[in-house]
Amino acid sequence: MPELPEVETTRRGIEPHLVGQRVSRVLVRDRRLRWPIPEDLDVRLSGQRIEAVERRAKYLLIRAESGTLIVHLGMSGSLRLVDAASPAAKHEHVDILLESGQALRYTDPRRFGAMLWSDEPLAHVLLASLGPEPLGEDFDGDRLYRLSRGRSMAVKPFIMDNAVVVGVGNIYASEALFAAGIDPRRPAGSISRARYLKLGEEIRRILAMAIERGGTTLRDFVGGDGKPGYFQQELFVYGRGGEFCKSCGSTLREIRLGQRASVYCSRCQR
């Protein structure tokens, strides 16, 4: 699933090609995403000038003159710029045609993504209750410490809760906990403030590094230019169960936490 760095990489890739452009047409080949694409999307977006391309959590907000297109990439979605005349392949469900002769093409093999229209996107039910951005000024380890008091749930699903902080998915939660030396199974309420301060720093550092590397390409993700990300080369634990720890050489363990695979080092993480 594309996580925050992959979505931000996509935003940075498509923004220069969209802002200031006018939409000439929206071609929808298949409306059946996680929620059906609005039947009037072509009417709403055609003729509109695109004013900004923003991100909130894992949602892309393509702001036009009279509203905003909310896009979620789901499990396997991607957005990239193509020549408007290029034929669509299987799973390429939507083209937003631009006056420049390019098209913003949405591909989603598993169709778990979304394209929705909103006049007030930040008040939309999908975005209104989200926590702070992990790279913003409202997030730090103190917030994690405060919200964790009295919580018995494991720390990994705690930091993956979008009400606590957005965009810390399975890949980056695993990597941040390893970097901070925290066992992902440890109860959130049992972790000291000092360790949470370290964890907050590692979340910010690792997400920033992943964005710089263009995200993590594990299966379907490509950036807005169609190129893969390279952060997978930096992974210490995610997807490496049974392999050796790059820090101490012991065997990494794989467990299930909150219905997700979690890999950790029993020697480095306490």
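Positions of Cβ are set from backbone N, Cα and C atoms, glycine also.
In Swiss-Prot, the annotation zinc finger applies to 236-270, one of the ranges 201-235, 236-270. Overall, the recorded DNA-binding residues His91, Arg110, Arg151 cover a maximum inter-Cα distance of 42 Å. According to its DSSP assignment, Arg260 (active site, proton donor) is in a strand. In the predicted model, the zinc finger (236-270) has a mean pLDDT of 96. One residue stands out among the recorded positions Lys58, Arg110, Arg260 for having the most other Cβ atoms within 10 Å of its Cβ: Lys58.
When the Cα of Arg151 (DNA binding site) is compared against those of the active-site residues Pro2, Lys58, Arg260, the shortest separation belongs to Arg260. If you measure from the Cα atom of Arg110 (DNA binding site) to that of Pro2 (active site, schiff-base intermediate with DNA), you get 13 Å.
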